[in-house]
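A.B. asks: My structure is below; once you've seen it, I'll send some questions.
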Amino acid sequence: MTDTKRIVLSSDHAAIALRQQIARHIEAKGWEAVDIGPTSPESTHYPLHGEAAAQKVASGDCRFGIILCGTGQGIMMAANKVKGIRCGVCADEFSARMIRAHNDAQMLSIGERVVGPGLALAIVDAFLETEFEGGRHGTRVDMIKAMED
Ligand code: RB5
């Protein structure tokens, strides 16, 4: 695990404004936002952006990743194809806490067309403020990791 304060952010065209708002929000909280775009509103392909963000987390360059698309679903599916990555879609704060506490997720996905900006920022805070609990949850996360080998 890396102790960097860097958080990678990415999205497809459907979530650029919310992604940039989240970047400003986490910077204000003392994190370093590594926003890898895109910035153009032209239609693009979410797998490209999910994979690019996940690689930055898997390599240790960034501690966490926050990714967005219209639903949060497609970009999450792409990120989870990168070895070592655990990414969950969250539309509520409870789930955002639980994917850290129980699943040791390093990446959070949000659907811009699903949640409003106020809730999205609260979801981000819940995710970033929660530590992994380990113990029996560590055993289960290890079982997920074993599937990758
Ligand atoms: C783009 O229209 C939309 O399909 C995408 O943002 C996302 O919701 C896919 O899962």
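The backbone N, Cα and C atoms fix where each Cβ goes, glycine too.
TrEMBL does not curate its annotations; it predicts them automatically.
So TrEMBL lists these for the protein:
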type	residues	note
ACT_SITE	CYS69	active site, proton acceptor
ACT_SITE	HIS102	active site, proton donor
BINDING	ASP12, HIS13, GLY70, THR71, GLY72, GLN73, GLY74, ASN103, ARG113, ARG136, ARG140	D-ribulose 5-phosphate binding site
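Map the listed features onto the structure and describe their local environment.
C.D. replies: For the recorded site, CYS69 (active site, proton acceptor), the DSSP three-state label reads strand.
In this structure, HIS102 (active site, proton donor) belongs to neither helix nor strand by DSSP; it is coil. Shown in sequence order, PHE132, GLU133, HIS137, ARG140 are the residues of the chain, 6+ apart in sequence, with a C-beta less than 8 angstroms from the C-beta of HIS102 (active site, proton donor).
According to DSSP, GLY74 (D-ribulose 5-phosphate binding site) is assigned to a helical segment.
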A.B. asks: Please give the greatest C-alpha separation between any two of the D-ribulose 5-phosphate-binding residues ASP12, HIS13, GLY70, THR71, GLY72, GLN73, GLY74, ASN103, ARG113, ARG136, ARG140, in angstrom, as a whole number.
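C.D. replies: Comparing all Cα pairs, the maximum is 39 Å.
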A.B. asks: Mind checking which of CYS69, ARG140 has the fewest other CB atoms within 10 A of its CB? They're the recorded positions.
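C.D. replies: Sparsest of the recorded positions CYS69, ARG140 by Cβ contacts within 10 Å: ARG140.
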A.B. asks: Checking proximity to ligand 1 here: which recorded positions out of ASP12, CYS69, GLY70, GLY74, ARG113, ARG140 have their Cβ closer than 6 Å to it?
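C.D. replies: Cβ under 6 Å from ligand 1: ASP12, CYS69, GLY70, GLY74.
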A.B. asks: Taking the binding-site residues one at a time (GLY70, GLY72, GLY74), which has its Cβ surrounded by the most other Cβ atoms within 10 Å?
C.D. replies: GLY72
A.B. asks: Just name the winner among ASP12, ARG113 (the binding-site residues) by count of other CB atoms within 10 A of its CB.
C.D. replies: ASP12
